[in-house]
Amino acid sequence: MEFECSKNQLGRGAFGIVFKGSMGPNHIPVAVKRLQLVDIEVSEKEEEALRNLEHRNVVKLYNVKSDSDFRCS
Ligand SMILES: Nc1ncnc2c1ncn2[C@@H]1O[C@H](COP(=O)(O)OP(=O)(O)OP(=O)(O)O)[C@@H](O)[C@H]1O
């Protein structure tokens, strides 16, 4: 599902900045994390782990987009 993100910054982690965004036609609020790509293999492993993880204390991963020009506006 497509998502958008705003300039509204929610926080910052070791691998990137997290922005407030929305997803889909109903604009469901989501957090958008823009990763600074360090190691593609590590990123892919984290993505796979998050996709398979379901826990009430862990955010759900909905989408991953690979685009070096992607910016939150
Ligand atoms: N779903 C969310 N809702 C609100 N704020 C969030 C959300 N996800 C992340 N944040 C904010 O962004 C900050 C960084 O989140 P991030 O997931 O990058 O943390 P991290 O796991 O420590 O980072 P990293 O995986 O890069 O080491 C959080 O401390 C929080 O303030």
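Glycine residues also receive a Cβ, built from the backbone N, Cα and C atoms like all the rest.
In the predicted model, residues of the domain 'Protein kinase' (4-73) average a pLDDT of 88. Annotation source TrEMBL lists domain 'Protein kinase' at 4-73.
Long-range Cβ proximity for Lys33 (ATP binding site), meaning a same-chain Cβ under 8 A and a gap of 6 or more residues, is found for Gly13, Phe15, Gly16, Ile17, Val18, Phe19. Look at TrEMBL and you will find Lys33 tagged as ATP binding site.
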